[in-house]
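S.K.: Feature table excerpt (Swiss-Prot):
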type	residues	note
SIGNAL	1-19	signal peptide
REPEAT	40-84	repeat 'Kelch 1'
REPEAT	139-173	repeat 'Kelch 3'
ACT_SITE	GLU228	active site, proton acceptor
REPEAT	338-367	repeat 'Kelch 7'
Amino acid sequence: MNKTITALAIMMASFAANASVLPETPVPFKSGTGAIDNDTVYIGLGSAGTAWYKLDTQAKDKKWTALAAFPGGPRDQATSAFIDGNLYVFGGIGKNSKGLTQVFNDVHKYNPKTNSWVKLMSHAPMGMAGHVTFVHNGKAYVTGGVNQNIFNGYFEDLNEAGKDSATIDKINAHYFDKKAEDYFFNKFLLSFDPSTQQWSYAGESPWYGTAGAAVVNKGDKTWLINGEAKPGLRTDAVFELDFTGNNLKWNKLAPVSSPDGVAGGFAGISNDSLIFAGGAGFKGSRENYQNGKNYAHEGLKKSYSTDIHLWHNGKWDKSGELSQGRAYGVSLPWNNSLLIIGGETAGGKAVTDSVLISVKDNKVTVQN
């Protein structure tokens with residue numbers, strides 16, 4: 001990786017145009033989900049609660065319009081995708097009817113023509129939180145994410161502990177003090193066929209599952225970038241799924257954001273350049289883990305990356321910077337660029353702005 005960037009390159013990469021990319025979101029927006037269909041952007045959930053909004057990016061007077069509220073309750077870390085004109089929302093973390101925080105494995109469908117939601121009679125074979133979703137040949141594919149039983153059990157224990165700080169400390173120590181493989185993050189690839197509403201096994205990673213990875217796909221290839229290897233410990237790994245031909249192939253590319261990696265980063269493609277930007281992590285956690293400290297991020301402060309990396313000639317190059325570190329927003333393809341909507345910055349503060357990252361001749365332009 002080229003660790004040296006000239007002042008001119010940074011200046012070009014950090015250029016902010018006078019006009020805003022998109023109007024500010026109606027509420028500070030993080031940990032939600034979003035999708036784009038026919039140049040109309042849809043965002044919702046996360047810090048927006050059950051609210052959903054749309055914005056026509058081609059309209060002369062661009063503005064966010066409120067849609068019908070999501071019927072499944074407030075959720076973080078859900079994913080969404082458009083297939084054949086309908087918006088599908090997968091899983092997420094929220095509260096059940098008893099008020100307990102849990103991982104969901106359900107699917108909701110939104111019809112833009114009628115502005116209405118319906119909960120499908122379809123459940124994924126495992127929970128969906130921290131997972132990624134992408135579309136290929138008319139099907140939605142899901143991989144990664146936390147283990148539903150382990151995650152739900154953790155929050156059940158916290159609920160029973162109430163406000164007993166000593167018990168809460170013990171629960172946290174017990175939860176975080178395990179090796180990565182003991183969290184059983186999902187390494188299976190599942191496919192969802194909207195025509196039948198059936199889930200199918202589509203393969204599995206030869207390595208390990210992650211949570212909070214960035215995902216982007218083009219044609220027959222999909223890339224999963226970084227994410228958590230276990231709670232509090234990120235990975236710098238990059239996985240490529242290649243659907244070319246009849247057999248799905250998994251490839252491991254050169255790492256990025258080394259050595260600690262990030263979660264909640266942003267990925268996209270501009271003029272055939274693969275982009276990875278932002279994300280959050282704990283510097284020093286990888287070294288702690290390698291030295292035998294399973295609770296690797298204990299006592300460490302979460303940091304937010306400003307780095308913009310490009311995949312070029314078989315390696316990652318740091319090619320620019322965001323104006324501020326951010327993570328856990330929405331990544332969407334728009335105008336042959338990577339569109340970032342919302343996210344959080346230092347201290348977990350949710351933001352309302354958008355960022356557009358474009359690449360031409362391996363030079364990055366950032367528009368705020």
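Cβ from N, Cα, C; glycine included.
Where in this structure would I find these features, and how exposed are they?
M.R.: Proximity of distant same-chain residues to the repeat 'Kelch 1' (40-84), defined by a Cβ-Cβ separation under 8 Å and at least 6 residues beyond the stretch ends, is recorded for 22-23, 25-34, 90-95, 104, 106, 108, 110, 112, 115-117, 119, 128-135, 138-140, 142, 194, 212, 328, 330, 332, 334, 339, 341-342, 350.
Computed over the repeat 'Kelch 3' (139-173), the whole-number mean pLDDT of the model equals 98.
Counting only same-chain residues six or more apart in sequence, the Cβ atoms lying under 8 angstroms from the Cβ of GLU228 (active site, proton acceptor) belong to GLY130, PHE185, THR210, ALA211, GLY212, ARG234, THR235, ALA263.
Taking DSSP states H, G and I as helix and E and B as strand, the repeat 'Kelch 7' (338-367) has 3 helix, 21 strand, 6 coil.
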S.K.: Could you break down the residues of the repeat 'Kelch 3' (139-173) into DSSP helix, strand and coil, giving a count for each?
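M.R.: Its residues fall into 23 helix, 6 strand, 6 coil.
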S.K.: Would you kindly list the residues that approach the repeat 'Kelch 3' (139-173) from elsewhere in its chain, counting only those six or more residues past its ends and only Cβ-Cβ distances under 8 Å?
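M.R.: Same-chain residues near the repeat 'Kelch 3' (139-173) but 6 or more away: 79, 81, 83, 88, 90-91, 93, 100-103, 105, 124, 126-133, 183-194, 202, 205, 209-211, 213, 222, 224, 227, 231, 295.
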